[in-house]
Amino acid sequence: MAADARPAQPKAILRGHKAQVHAAVFVRGNDRLLTGDADGFVVAWDLTTMRPRAVWQAHGNAILGIAAWDHYRIITHGRDNKLIVWKLAPEDEARLSTKLPLDPSSETRPQPWMLYMLEVNTMNFCSFSHCPACPESSPASSEILVAVPNTLASEAIDIFHLPTQTRQHTVKLGEKNGMVMALSLFHQAGTLTLVAGYENGVATVAQLGSHGVWVIKYQAKCHSQPILSLDVSPPKNFFLTSSADAVISKHPLPLVSPPSRSSQISQSPTSPSIYNPSPPEADPQKSLLTAALSRVTTSPSSPPVPLTPNSAETIQHQPLKTVNTKHAGQQSLRIRFDGRIFATAGWDSKVRVYSAKTLNEVAVLKWHIAGCYAAAFAAVDVDSESESTPQQEQQQQQEENEQEEKSRVEAEKGGAQDGGDEEARKDVTVVPKLVEMSVREKRIRQARTTHWLAAGSKDGKVSLWDVF
């Protein structure tokens, strides 16, 4: 960020998408930035050269979300009702096209190897969320759980297991919240936790309790418009939501506790877990599409067992903080890896950076001329960053030069006093550095240690910023 009064400028502009950019994510230790557009194209950008290394059409419609499963598997979610897992290892890039979507091409661009594909619901414009299948597993686990909106009932959420591609849970957390708009699935203190944002502005936290039943722990309505995005803090002690209105809210993540019988959500032992406490009622504020979908039975073979939903004493309703930013339409809210700041992509073409502690606006990044739809932070390795930042490297190099000069002067004095003894001169000769970083190594180090913030826009361009 610029330290003076001049507006901050992006470090780089990535041009190549023909349609608006809807998704962005940093992968492989920030060696690559993946971006997806409204035509279904995915571009893998090499951040050492700022050039494309792989381009393919992953979906027949707009990309809703992109994420890395591990070092070589990529998950994409498109509006063609498909969620696909691709094999995209560094050695796979050589056979893929580098011709950008903006460049005319009569040839079909080859695709990476397709590992798995799920037929999912994309009517909600809600992207997926995933986490390791087991709490003890690393983020690069061989088994994951994927949460997506239910195919039949847009208020419900399906949780699939990969690689088996089986549905393990169907969770319905109410009847009058409208469609699911944003999701986050993760483990908190060993307990599978689901955070959902809805069409009516309600944010809900549910946890998987004993006997495979889901328990609502938190529910609050802080927004008057549909929730556009949410993100969970790295320590998993709070989450943030943004909406089509100008409000940003900070919500608590309740501590894990054993569920009581009165707070259980029903589940049939032979079917996925479903919460459906009562038949849907007519709601004049509900859209015709949502009302029609809510009448569809989510489990025709085994109706849910009616149980008393959570009592008011067991559900938290108070958010930690709510701020009216006076800027409507902020989406793709992302919290940085250190939990200190978060960013939003605005319909007014601006990217705004806020303090995660106070929700105060700390920076406004303006470059695009059209609305921004995607934002992503790079996850910098704290250990490698602490070893040497660019400023530290410069200071270290200066100290080494001063030490070398001092040693050379002392060696010359010693040689004169000893009558020019060559052996003494050899003893104090400064040994040069044995390993010098090549230009490419320096670029790779810079790409991996820079605090990148990427913003994708309706104009098809991606701006890269170095923030704080």
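Each residue's number is its place along the chain shown, starting with 1.
Glycine is treated like the rest: Cβ placed from N, Cα and C.
The compositional bias 'Low complexity' annotation in TrEMBL covers 252-274, 387-398. Positions annotated as compositional bias 'Basic and acidic residues' by TrEMBL: 404-415. TrEMBL lists 252-285, 384-428 with the feature region 'Disordered'. Under the heading repeat 'WD', TrEMBL lists 14-55, 453-468.
Proximity of distant same-chain residues to the repeat 'WD' (14-55), defined by a Cβ-Cβ separation under 8 Å and at least 6 residues beyond the stretch ends, is recorded for 61-68, 71, 74, 76, 78, 80, 88, 90, 92-93, 96-103, 109, 112, 127, 370, 373-381, 440, 443-444, 446-448, 450, 452, 454-464. Helix, strand and coil content of the repeat 'WD' (14-55), in residues and according to DSSP, is 0 helix, 26 strand, 16 coil. Taking DSSP states H, G and I as helix and E and B as strand, the repeat 'WD' (453-468) has 0 helix, 11 strand, 5 coil.
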